[in-house]
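A.B. asks: So TrEMBL lists the following for this protein:
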| type | residues | note |
| --- | --- | --- |
| BINDING | 254, 255, 256, 257, 258, 259, 260 | ATP binding site |
| DOMAIN | 226-427 | domain 'GMPS ATP-PPase' |
């Protein structure tokens, strides 16, 4: 079999570099260096919302890697580190001199500001008052390049820092202070170096977006040419160049937004040379397979083969309780189905497809290379929900990843374009994990009737959300089957029945999330309907954990 990159000998497929993008070569790049802030991805998204292509890379990359990205502006993110502590993350030697030589504007945010000041000879100390957190008022103190667009001298911003700048490097000026007198904005305009102690990327900073826009479009003079319509044309051309005029392609559809938009885009280019497979592995929601197949065939007109692998998959999962072991078992099952489908295509069309479409998103790429100081290990596993278990090592597919550089909201915007015309109801579907209900049944999914109970509860819960008109306000909602029973009273009789948890969160991209504040009337209605409809359940609890510290899914 031919492996990735056309090599015909053994060995794993070549992995893509974080710089191997393509789009950054077609657009002026604002490079965001990540130092571990919970808001870093929000910076990258805000930049794109302003029409500028952003690329997010770990803050400890080398100067040579920065040069390879060819940025026209650079933003240094916030982070949990302290620059005055030994071992804290530093910039590559010569970074600021190179930026000045190339006239590349740099904006440091929070830790990024402190890193700039410390590196260039200023001083950063632990704040005497313990720092500044939450919504604060700041005041501009002098005319400046950074705030030249401003007509107001006072604004509300979002602070989150325990250190503060106490002495500026030579050539820098403080241009704004907090009500406590702390320096919150600095610049060395002649060197195009700027810094903010607050977070302009969050909504609580009332004029933060204007500040970022001014930095990108006026100071850095970047063109606002990042348009989703242009992205579509560029990705379609990349697919034509990669796949060529005769090769065939496989796409595993999960029923989620990402794989559906990816498949629809590829189908526009390749037509009948795309072969989609939808696997019913026994871990889908209530009537999920029927609903998804109807959308694929009647609305999207995608060529889809449905494979029922439920019996074999549930046998694999029998007795498996560990979440990671579940994922590996499910991934192994998908590998078997992929292999069998590829062999079937070889028999029926006489061609063995060597390309595999993945709905990989930019957050998946980012998470494969975590920021310095985060304590997380690098991982090369693709984390998109439909790609459970990663690529099989013995099926040497070359990846086609048309969404690799997009955030979730951009994928939805892409799907709404008339060229793809993915139905709005499908675009707005809540995310569903690749392992399916296996990670929503805590413990052995094959024990008792756990899966069937969960399907019924989840269906009732989601329908309640729709009935109350809340579905589109929520990023993701689902039920969780707990491995405990509780005593109750139903029909004047003592019961010892199942307990289920309800989860609902709001989020922009799934990287951070807040639990959804349902009104008591909704929770009462949902709990009552679940207990009345699903007779084996007598207790319902609601999860009020945000991300962090929790994750959206329970496993």
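In case you wondered, yes, glycine gets a Cβ from its N, Cα and C as well.
Map the listed features onto the structure and describe their local environment.
C.D. replies: The Cβ of residue 255 (ATP binding site) has 278, 284, 288, 292, 432 as same-chain neighbours under 8 Å, each 6 or more residues away in sequence.
In the predicted model, the domain 'GMPS ATP-PPase' (226-427) shows an average pLDDT of 83.
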A.B. asks: Inside 10 Å of the Cβ of residue 258 (ATP binding site), count up the other Cβ atoms and send me the figure.
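C.D. replies: Result for residue 258 (ATP binding site): 24 neighbouring Cβ atoms inside 10 Å.
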